[in-house]
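Peer 1: Copying in the features that Swiss-Prot gives for the protein in this structure:
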- Lys71, Gly78, Arg79, Gly80, Glu138: ATP binding site (BINDING)
- Asn230, Asp244: Mg(2+) binding site (BINDING)
- Asn295, Gly352, Ile353, Met354: substrate binding site (BINDING)
- 32-275: domain 'ATP-grasp' (DOMAIN)
- 1-24: transit peptide (TRANSIT)
Amino acid sequence: MLRKLANQSLSVAGKWQQQQLRRLNIHEYQGAELMSKYGINVPKGVAVASLDEVKKAIQDVFPNQSEVVVKSQVLAGGRGLGTFKNGFQGGVHIVKADQAEDIASKMLGQILVTKQTGAQGKVVSKVYLCEKMSLVNEMYFSIILDRATAGPLIIACRKGGTSIEDLAEKFPDMIIKVPIDVFKGISDADAAKVVDGLAPKVADRNDSIEQVKKLYKLFCETDCTMLEINPLAETSDNKLVAADAKLNFDDNAAYRQKEIFSLRDSSQEDPREVAAAKADLNYIGLDGEIGCMVNGAGLAMATMDIIKLHGGTPANFLDVGGNATEGQVVEAFKILTADEKVKAILVNIFGGIMKCDVIASGIVNAAKQVQLKVPVIVRLEGTNVEQGKRILKESGMKLITAEDLDDAAEKAVKALA
């Protein structure tokens, strides 16, 4: 939704961009610690992984607090309205300090299901204990990379505390968008435009401008792709506070952001996506039944569209790229066959840099290592296509061949029957 609000184009003319495999997403407590290092106001809090740690934190960190906020830590939104598989309702609770241990016991080690986790949910390994702040106003603030303006874009709204989708629908006139010149950086005028648009009720204007500038500094210096604060709150002591934040980082910057990338929690990520990343494959899991292996992101998207056109649903986006090795093809098949939802696999290769014979050899080797229990539909075209077809034919494998993409998609859908 942020991308739609930014009204960004699909590409930046004349600029080559390395394909981004994944974006690092960190937990709320990690984001709060990072923002605090940049002088950004955040609630006092501590992450704990056991009931003993909860008890100690209440005694040491919140000795004079009558109430605290207990937040389950999963890499997904919608925690407050989520449901644990043990029946406990809500992943965020404001409780009496002496009740924190009991509430945490219902969260730690349990699976939380939200609108963003899917039915499988995510395991809560830590909870974040925060001070309960006295808020007088809630707003929305984010910074994203906007391809339309070829730079960072600040999106803000006077209303906050709910999803940006709802805010944009209910309060379109309150949405503020301020593009920032990536070469000049954020100016006092830029930050003032954001603050004046938000029209804080009690927070000091000059202090608020400095907070916006610090948020922008963090965004740039840590190679963020998205920084979202919802709510950006005003407190009764006239401060602007990042009450809840999400930060994503560009994987291409991992080599120079080693400290941040050491925060990656692979246990919260799709294991198939983790395996794909290790093999330098671009994979995104979906909910369909037809596994896809394609070279090139554009062709992969087109393949998924054609599958939908013929009444099927893709199980994934999987781009093996233009220089895939046999080993990567084998790994791709392992990832596809590990998905129990997959009832058929469609391989769609247009060989340019990628050679069809390499793909064919990879398919044959994969069949030897992985028990293929589902139909495999193969469409090959381009470089070394005849050699590739010969390798498949001589392998003795029971493959379904297709002449073109439309034919391949139609056969994949029929194979489900």
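Cβ atoms are placed via backbone N, Cα and C, with glycine included.
I'd like these features described in context: how deep, what's nearby, how far apart.
Peer 2: In three-state terms derived from DSSP, Gly80 (ATP binding site) belongs to neither a helical nor a strand segment and is classed as coil. The 10 Å shell around the Cβ of Gly80 (ATP binding site) contains 14 further Cβ atoms across the protein chains shown.
For Asp244 (Mg(2+) binding site), the same-chain residues lying six or more positions away in sequence with a CB closer than 8 A to its CB are Glu28, Ile229, Asn230, Pro231.
Counted within 10 Å of its Cβ, the other Cβ atoms near Met354 (substrate binding site) come to 20, all protein chains included.
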Peer 1: Per the record, ATP is bound by Lys71, Gly78, Arg79, Gly80, Glu138: how many Å separate the farthest pair of Cα atoms?
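Peer 2: Between the outermost Cα atoms of Lys71, Gly78, Arg79, Gly80, Glu138, the distance is 18 Å.
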Peer 1: Could you check which of the binding-site residues (Asn295, Gly352, Ile353, Met354) sits closest to Gly78 (ATP binding site), going Cα to Cα?
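Peer 2: Among Asn295, Gly352, Ile353, Met354, Asn295.
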Peer 1: What does DSSP call Asn295 (substrate binding site) in the simple three-state scheme?
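Peer 2: In the DSSP reduction, Asn295 (substrate binding site) maps to coil.
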Peer 1: Max Cα distance spanning Asn295, Gly352, Ile353, Met354 (substrate binders), Å?
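Peer 2: Overall maximum Cα spacing for these binding residues reaches 10 Å.
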Peer 1: With an 8 Å cut-off on Cβ-Cβ distance and a minimum sequence separation of at least 6, pull the same-chain contacts of Gly352 (substrate binding site), or say none.
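Peer 2: Expected: Gly322, Gly382, Thr383.
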Peer 1: Where the distance is taken from Cα to Cα, which of the binding-site residues Asn295, Ile353, Met354 turns out closest to Arg79 (ATP binding site)?
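Peer 2: Spatially nearest to Arg79 (ATP binding site) by Cα position is Asn295.
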Peer 1: Please compute the mean pLDDT of the model over the domain 'ATP-grasp' (32-275).
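Peer 2: Mean pLDDT across the domain 'ATP-grasp' (32-275) comes out at 92.
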